[in-house]
Amino acid sequence: MDTGPDQSYFSGNHWFVFSVYLLTFLVGLPLNLLALVVFVGKLQRRPVAVDVLLLNLTASDLLLLLFLPFRMVEAANGMHWPLPFILCPLSGFIFFTTIYLTALFLAAVSIERFLSVAHPLWYKTRPRLGQAGLVSVACWLLASAHCSVVYVIEFSGDISHSQGTNGTCYLEFRKDQLAILLPVRLEMAVVLFVVPLIITSYCYSRLVWILGRGGSHRRQRRVAGLLAATLLNFLVCFGPYNVSHVVGYICGESPAWRIYVTLLSTLNSCVDPFVYYFSSSGFQADFHELLRRLCGLWGQWQQESSMELKEQKGGEEQRADRPAERKTSEHSQGCGTGGQVACAES
């Protein structure tokens, strides 16, 4: 007799979901921490507007990764929510907000890059740092305001049933909840995905055209890498996820495959470091220098550990030799006190 939990609300493999979350966490966290160190160092030396935007994007990715273990616990528990309920809407709010923050900041970075190349003289005479700060605040507010729908849905109607009949978190919805959620999702897909995608596509297409006419090969390669990483984010990580919003609005319910395209959207935290890497030659130089320092510290630690092991092994060998030396010394002292015959016989 099957006594396992009812998973009619989720027909997929929850261990696959857990594996994707775990992979994202293990790969994305160290990469974004390295990027955070580089951006903080750059802003302390010579602050640039694009670095302000990318620093906010890094902070957004780290926020997603820090809350990802909650999703991992949920997946390991068969897509049930075993944690205190107050953490359910909070984790959902952080999760979806950071996803859309990436799209907004990528669009802002594309505008910044386009202006610096298409209008270099005008760009240099403008106070970009203050504007970059205001744009960052606007992006955080815009994404947060839209994704606050998580709280509206979770606490609308009968709160006692807000976790669904299976104790789930933001997986099951009543008809009155879907009447609110599906139109909001469609609006989010248009405002927070389609519009940033159009802006980013225009800016980078113009940027490639300008550099193709007279830019250096090194700069062309860097822009090509930046464009590839950005399009990978939009088309692979975010595209299918936002398509599920459109399909859900048309069908009147969330599609069954939505959970899997949501997994794709979490992978953006692993792709964003490549956006940082191709964003500027200065980031590449600082990143390589940081890696050299870390490798040097690792080599120094290994050398010190090896020396400690050798000293420890040498000390053990000396302690093992002391009883034999003591026995030999006592034997020779006995021979010197009149036991020559016995010593000779031995």
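Glycine residues also receive a Cβ, built from the backbone N, Cα and C atoms like all the rest.
Among the features that Swiss-Prot reports, topological domain 'Extracellular' is placed at 1-19, 69-88, 154-178, 244-258, with the record citing sequence analysis. Residues annotated as transmembrane segment in Swiss-Prot, with sequence analysis given as evidence: 20-40, 48-68, 89-111, 133-153, 179-199, 223-243, 259-279. What Swiss-Prot records for 41-47, 112-132, 200-222, 280-346 is topological domain 'Cytoplasmic'. As annotated by Swiss-Prot, disulfide bond applies to C88-C169. Under the heading N-linked glycosylation site, Swiss-Prot lists N166. The annotation region 'Disordered' is assigned in Swiss-Prot to 307-346. Sequence annotations record features per position, and here Swiss-Prot assigns compositional bias 'Basic and acidic residues' to 307-330.
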Legend entry - Positions whose Cβ lies under 8 angstroms from the transmembrane segment (20-40), at least six residues beyond its ends: 51, 54-55, 58-59, 61-62, 65, 68-69, 71-72, 75, 263, 266-267, 269-270, 272-273, 276, 283, 286-287, 290-291
Legend entry - Averaged pLDDT score, the topological domain 'Extracellular' (154-178): 72
Inset, instruction - Output the single range from 89-111, 223-243, 259-279 maximising the number of Cβ pairs under 8 Å to the transmembrane segment (48-68). - result: 89-111
Inset, instruction - Kindly assign C88 (disulfide bond) to one of the three DSSP-derived states: helix, strand or coil. - result: helix
Inset, instruction - Would you kindly list the residues that approach the topological domain 'Cytoplasmic' (200-222) from elsewhere in its chain, counting only those six or more residues past its ends and only Cβ-Cβ distances under 8 Å? - result: 106-107, 110-111, 113-114, 117-118, 230, 234, 278, 280-281
Inset, instruction - Run through the topological domain 'Cytoplasmic' (200-222) and tell me, per DSSP, how many residues are helix, strand and coil. - result: 21 helix, 0 strand, 2 coil
